[in-house]
């Protein structure tokens with residue numbers, strides 16, 4: 001008789017993958033969220049119209065859009081922040097209209113969460129127009145690749161409007177029996193539930209010059225009358241061929257040999273003057289790098305940061321983020337005088353500052369990179385942008401990320417460029433809150449070492465002044481450009497709260513790994529810093545190539 005208890009068990013009928021159904025399910029993904037480029041979000045945004053560009057054609061249509069500042073950015077936590085295309089920017093089209101350009105595909109499983117995040121109460125539009133692509137598999141009928149077509153679906157609130165008030169009165173409704181899905185459908189459903197007037201426009205083919213023209217015509221006839229899209233047929237072809245989806249997609253007209261025939265000695269002149277400046281005071285290297293950074297983040301690298309206040313022009317030097325902290329202008333003046341004596345009226349102040357920043361880094365032990373040149377000096381400055389575009393020491397990690405993404409710089413660029421603080425100095429007013437009890441802002445609570453903390457407090461008293469007292473952000477090697485700045489962050493010894501958050505913030509999943517990487521591998525840091533500096537230097541002011549000039553004196557517009 002068979003012993004059913006002691007008899008060896010036969011082979012399992014379950015495959016290994018079948019047994020996985022008994023494992024603990026993966027945790028749910030974090031919800032998408034909006035971030036605003038300010039420390040605190042202002043009142044809810046209430047545009048009369050929100051346009052949501054989802055299709056490649058609609059994103060291409062707005063790709064040349066230039067605005068003073070993004071109103072917000074929409075992020076999906078599961079998407080890598082290393083690429084700027086993984087953030088959807090909310091940009092003003094006019095005083096009463098916003099554009100949400102979403103350049104990345106959103107999985108169907110995340111569509112409703114993204115739609116809810118976009119319309120979560122902090123953006124409250126009167127009307128919503130969604131521009132999406134038509135999927136041939138969802139369409140009941142024949143579609144030709146040679147013919148551009150578009151259809152619409154409306155919410156009940158939009159259907160109740162009279163003909164003259166509708167968003168797309170001339171467009172036919174989506175044929176019966178056809179379906180729509182994805183993010184466009186989810187946003188329309190969200191509008192239906194919240195009783196918002198909304199229209200979903202689906203177009204075919206997904207990308208083609210003819211469909212871009214079709215959408216442009218629909219918008220100009222009713223929704224955006226008089227709006228200048230500034231998009232030529234050549235732009236459409238180039239945009240579609242390259243597969244670009246970024247709002248700031250055009251390459252700057254800069255070259256390495258721009259001055260090869262007109263001022264071939266400019267690089268030598270700048271290097272020699274920077275050698276003298278850094279030899280006299282190593283801190284001058286950090287002053288020039290900081291000046292370059294603050295220039296590029298306000299209307300591009302156009303030398304606007306160098307302009308002094310005049311009766312007719314309000315400069316950027318006295319903005320809250322700049323006052324008493326920008327001290328490299330005199331160095332640029334000396335370099336400019338030497339360049340003018342050799343090549344009068346040829347080399348812009350913006351180019352001089354960009355070259356000088358590269359040389360400053362090299363002279364204190366940092367990496368080399370080639371500097372593309374050909375910038376023009378702006379004839380304007382922007383005091384307000386200097387107050388809003390520049391990151392501040394007390395800002396949250398997400399807010400700073402938003403400001404870098406707006407400039408077309410990735411999270412990787414942000415962490416690498418922050419490494420310039422290895423030769424930087426910080427003012428007491430910018431780190432006082434951190435050294436006197438501000439550790440609750442860094443969730444991992446890595447305390448600054450007692451001896452270093454004591455030194456910082458001796459420099460920066462809790463009360464009684466000392467706001468402009470300074471200390472090195474890298475106390476190990478303050479005059480050497482190396483990776484010790486990141487090693488300090490690992491120990492919780494970042495002087496600025498904004499720096500420490502790259503490692504300690506709960507939202508710093510990606511930034512934390514980058515800090516670890518650069519702390520362990522100085523060559524990886526040098527390589528990325530070089531690439532990111534070129535990328536930042538390529539943030540140009542398109543208007544300066546039309547109305548700009550080569551200043552004779554970097555502090556004043558030519559008369």
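Cβ coordinates come from backbone N, Cα and C, glycine included.
The following features are taken from TrEMBL:
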type     : residues                     : note
DOMAIN   : 253-558                      : domain 'Plant heme peroxidase family profile'
DISULFID : 263-343                      : disulfide bond
SITE     : 290                          : site 'Transition state stabilizer'
ACT_SITE : 294                          : active site, proton acceptor
BINDING  : 295, 298, 300, 302, 304, 316 : Ca(2+) 1 binding site
DISULFID : 296-301                      : disulfide bond
DISULFID : 349-554                      : disulfide bond
BINDING  : 391                          : substrate binding site
BINDING  : 421                          : heme b binding site
BINDING  : 422, 474, 477, 482           : Ca(2+) 2 binding site
DISULFID : 428-460                      : disulfide bond
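Distribution of TrEMBL features across the structure.
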residue: 263; record: disulfide bond; Cβ within 10 Å: 19
residue: 290; record: site 'Transition state stabilizer'; Cβ within 10 Å: 23
residue: 294; record: active site, proton acceptor; Cβ within 10 Å: 22
residue: 295; record: Ca(2+) 1 binding site; Cβ within 10 Å: 29
residue: 298; record: Ca(2+) 1 binding site; Cβ within 10 Å: 27
residue: 300; record: Ca(2+) 1 binding site; Cβ within 10 Å: 23
residue: 301; record: disulfide bond; Cβ within 10 Å: 29
residue: 304; record: Ca(2+) 1 binding site; Cβ within 10 Å: 28
residue: 421; record: heme b binding site; Cβ within 10 Å: 24
residue: 460; record: disulfide bond; Cβ within 10 Å: 23
Margin query: Nearest by CA distance to residue 304 (Ca(2+) 1 binding site): which of the recorded positions is it, out of 263, 349, 391, 474?
Written below: 349
Check: Which residues does residue 391 (substrate binding site) neighbour through Cβ under 8 Å, counting only same-chain ones at least six apart?
Finding: 399, 400, 403, 404, 498
Next item on the list: Identify all same-chain residues not among 295, 298, 300, 302, 304, 316 whose C-beta atom falls within 8 angstroms of the centroid of the Ca(2+) 1 site's C-beta atoms; report them in sequence order.
Entry: 294, 296, 297, 299, 301, 303, 305, 378, 381, 382, 541
Next item on the list: Sort the recorded positions 343, 349, 428, 474 by C-alpha distance from residue 298 (Ca(2+) 1 binding site) and give me just the closest.
Entry: 349
Next item on the list: Run through the Cβ atoms and count how many others sit within 10 Å of the one on residue 482 (Ca(2+) 2 binding site).
Entry: 19
Margin query: Considering every residue in the domain 'Plant heme peroxidase family profile' (253-558), what is the mean pLDDT value?
Written below: 91
Item checked: Under 8 Å by Cβ from residue 422 (Ca(2+) 2 binding site), same chain, sequence gap 6 or more -> 473, 474, 477, 480, 481, 482, 483, 484, 485
Next item on the list: Compute the C-alpha separation of residue 263 (disulfide bond) from residue 302 (Ca(2+) 1 binding site), stating it in Å without decimals.
Entry: 19
Next item on the list: Based on Cα distances to residue 302 (Ca(2+) 1 binding site), point out the closest of the recorded positions 290, 296, 421, 554.
Entry: 296
